[in-house]
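Working notes, beginning with the structure itself.
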């Protein structure tokens, strides 16, 4: 079994083709492990589709499945083109979402995430029990729960430096309380937003999260009147351009091919596949 590793906005993914739909949870846990596997934020299984160029199953590094991953969508789009699975402009199925891909330059990929849902606005009072004394999060008056393929809780701080002082235990508590990824952001100007994401399935801060950046972008647009196009800068410092067109979210940014890995028979013998 051959795995291809791609990176987008600081997220890295292993991509593999399969001609049959199976449960790849155990395989994902093993191959995504940073010390005992190849190391990745997630595993993308590319599957044949009757109605689309292809479809995928996406697994987090802990083996859990997710319906959508924004940066992985751009990575798999480039993979599909480079491996003659699809043309430069194509559409694939991610869970129940149709994702359109446009390859504008050799490694600049735009993907259409589709629409979003504002699930709830949450006053800080509902979250105070999760905060420690002198918590940075106490300065956030309102949190926003937004579905961009997966649920995200978004809050904005007034000081960029506070992004470096976030408490992992607090974010973990919020993640379990709302069953959502947690994003804390700072609007530097109307067109530049910095953020940190605590991600489900990874259970820690990640260098980037595409659907998290989308949720922050939407919250900033709706509640802080930012423009319909902005640069989102995650922990990796790899900027991603997000835009809103006809109420749908578009990502645009660079994707890098890292390399190829081959799975040995030992994994099969251990029952991981």
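Cβ atoms here come from the backbone N, Cα and C positions, even for glycine.
Over in Swiss-Prot, the protein carries these features:
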type     : residues                                : note
BINDING  : 11, 60, 70, 71, 181, 199, 200, 210, 211 : substrate binding site
ACT_SITE : 69                                      : active site, proton donor
ACT_SITE : 209                                     : active site, proton acceptor
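Counting only the Cα atoms, the space from the residue listed as 'active site, proton acceptor' to residue 70 (substrate binding site) is about 7 angstrom. Residue 211 (substrate binding site) and the residue listed as 'active site, proton donor' have their C-alpha atoms 6 Å apart, to the nearest angstrom. Binding-site extent for substrate: residues 11, 60, 70, 71, 181, 199, 200, 210, 211, maximum pairwise Cα distance 15 Å (rounded to the nearest whole number). For the active-site residues shown (69, 209), fewest C-beta neighbours within 10 angstroms: 69. Local packing around the binding-site residues 11, 181, 211 was summarised as the count of other Cβ atoms within 10 Å of each Cβ; on this measure the leading residue is 211.
The C-beta environment of residue 70 (substrate binding site), restricted to residues of the same chain at least 6 apart in sequence and closer than 8 Å, consists of 111, 113, 148, 149, 209, 210, 211, 213, 214, 251. On its own chain, residue 200 (substrate binding site) has 60, 64, 66, 150, 175, 179, 180, 181 as residues at least 6 apart in sequence with a Cβ closer than 8 Å to its own Cβ. With respect to their backbone Cα atoms, the residue listed as 'active site, proton donor' and residue 11 (substrate binding site) stand 10 Å from each other. Under the DSSP three-state reduction, residue 211 (substrate binding site) is assigned to helix.
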